[in-house]
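Listed features, source TrEMBL:
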- G333, P334, N335, T336, G337, G338, K339, T340: ATP binding site (BINDING)
- 514-598: coiled coil (COILED)
- 711-786: domain 'Smr' (DOMAIN)
Amino acid sequence: MINSKTLEKLQYADVLRQISAFAVSAVAKKKVLNLSPADTFPSAQALLEESRQAFDLFRFETSFDLSVDDVSEVCALAKIGSCLSMGQLLKIMRTLKTARSLQGALFADYGVDISALQSRAYALYCDRQLEEDIDFAIISEEEMNDKASDDLFAIRKKIKGINADIKQKLQSYTKNSEVSKYLQDSIVTLRGDRYVIPVKQEYRSFVSGIVHDQSSTGATLFIEPMAIVQLNNALREATLEEKAEIQRILQAFTDRISPVAERIALSENTISDIDVIFSKTKYAIENKCTLPLLNNQGRLNIKKARHPLLDKRKVVPVSVTLGQDYDVIVITGPNTGGKTVTLKTIGLMCLLAMSGIFVPCEEESALSFFEDIFCDIGDEQSIEQNLSTFSGHMTNLRDILAVCGKNHLVLIDEVGAGTEPNEGTALAVAITDFLRKSGAKCVITTHYGKLKEYSLSTPRVENASMEFDLKTLAPTYRLIMGVPGSSNAIAIAQKLGMREDVIDLARQNVSEEKQSFEQALANADAIRKQYEQKLEEVSQEKQLLQEQRLKAEKLNGSLQKERDKLLDGSRKEAQKIVDKAAEQAEEIVRELKELLRREGLSDKDLFAARSKAKQLKQITIETPQEEVIFTGDKVDAAKIRVGDVYYSKKMGVQVKVCEIKGKRIAVKCGAISAEVEADDLYYCVAERNSPVQPNRRPKTQINTRSVSNEINVIGQTVDEAVANVDSFIDNALLGGIKQVWIIHGMGTGRLRSGIHAYLKNNKNVEEFRLGKFGEGESGVTVVSLK
């Protein structure tokens, strides 16, 4: 469990307050504020998986009803049979309604894995009948529907009738001139649920009735006339009946809820848990957060992390690696350079990931689960305990060193500060070395030069620095890994106009060794900046090339579309030619039929028919040829894969690879299979796995087929058979055949009867009969044509 001091130092609660704003129910908001990092690695993984699934689900822009009341106390009352009020029943109804709606939404088919969320949804208790009954019966927290029961409807009807009778009597009473002169006002009012009239005090004896109240001045008495006493009594009795019936209905609902009260309470808890998960997701979407890659080996690879509490427009992203090649990072640099923010950002990213919350980093950022995270950040001064700042830090570090070890993260700001520099340096080096040996992962900030030297000479310790711009005398807040920084105190003083003699004296007071070391750091930093500048130039050049490549691809795509458009136009033109040829063929067929149907066919007519048939055979259509464009480069035999499409020079067509047999390649083009050498294959324009098309199309030729003298229609319907027989007879007439056989089988006789009915009405049929012995008998019909 992460200690509470660390959560406070890293401002974990402030982030939770941001997330709670996205929760729907008050219960869920409270739960968000009480979140804490997971205690175990599997628990943290499970929380992140739920957030991942919710993130995938929200891509569908689906709305979820998460409105729910805290019904824990209500369910506890129902469980022991204590009658629930109308307001409490409405809370139960809303919980049931939300549970049903949410369960239905989570079990819809979204095409993504949301099994973890669905597992939670199984705990939702749904009872639509109970939900609808309460919704119908209870109008508001104070009002029940007249039709909640038949008895309640009858009682309220009776009450309305009595009220009407009372008002009628009182109105007639107040309009009576003998009585009205004694009244303070001609109005009817209520006192103690009984109807009364206002009578002047001095006329009390003139109005017979019961006094129920008087005005504050005593000038008016509110009297119930004796004429309506019985009606008021009846109204009172009916009102008591109404209350009793309402109480009975409420108790009946309570009795239905009591056996399932615990399940309804669990359902409300589940809804608020899902609300918490969804609030994390909404926060992640709003702040452009990403799913971290969580491990438990102490490895960090944080890519451009943004502290969530800083201004989004001004925050400088932090990138840090830890736990792979080194376990300790020592960060140096000027004051107010961003070292403390960097420490807090690293710690906070780990806390968020361990809580199942997406982090404000770039994709693929790696974070680790830690058993605990220790911090020594900020002023540790304690007036109550009479501790100075230095003593406060030492007390805190003492406690950290006593428990830290493997699977712990330690964050220390300005280690050893607040005391004499030489002793502070010695302490800082000793503390850092102890932490390194303990196996903990550490990030430490310092101004001490000795600690920089320690970092350079000690294994698994890495230097880092906060960048500072000497030209502007301002920090850039960028963390530079692998390079120790400098406080730049003398340089800053000089830039700010400090006297030159003071600057010179200051430099003289700095040891020659120290100056050489700082100069080496400055040179290294200059080289780094040059390298980064070159890297940026290369990156920009790469980006330019990428844009040019995309433009070229786009242009190529446009050209390809234009080519396809032209080919499509050619195909349409070819289709028109084919259609025209088909029309010509049909016209010739019609003329042939007409010639053959004429009676007394002359030699001239027969010659004309044969000429028409010859024309029909000679109709051909040239369709446009679609050439395959190939690059001319041979395919590398090692790169050939089954399913690839290439151009075969030998076959002159595109082919699809079916099997690789050493140097021989089995290929296929349409229904044609063949084997070719690998050297015969060339790259072509066709996309990988595109349909294989030949490079030239054959001529489409319309020919008359050879005519048979029999047709088999067994297994066909009557309509199908008649249509086929009609075409068959036309072809037979064209072929000069005078007798044909129709094979229809015996069966039930329906097919035979249908064909015979058709033949009777065909003017080209001379006669027809069933087959004789050896001809198929009743399964065959023999037809003689004219």
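Including glycine, each Cβ sits where the backbone N, Cα and C put it.
Secondary structure of the domain 'Smr' (711-786) per DSSP (helix as H, G, I; strand as E, B; remaining residues coil): 31 helix, 19 strand, 26 coil. K339 (ATP binding site) falls within a helix when secondary structure is assigned with DSSP. Cβ contacts within 10 Å of P334 (ATP binding site), excluding its own Cβ and spanning all protein chains shown: 22. The C-beta environment of K339 (ATP binding site), restricted to residues of the same chain at least 6 apart in sequence and closer than 8 Å, consists of I331, G333, D413, T445, M466.
Fewest other C-beta atoms within 10 Å: among the binding-site residues G333, G338, that description fits G338. Sequence-distant neighbours of T340 (ATP binding site) (same chain, 6+ residues apart, CB-CB distance under 8 A): I377, G378, D413, T445.
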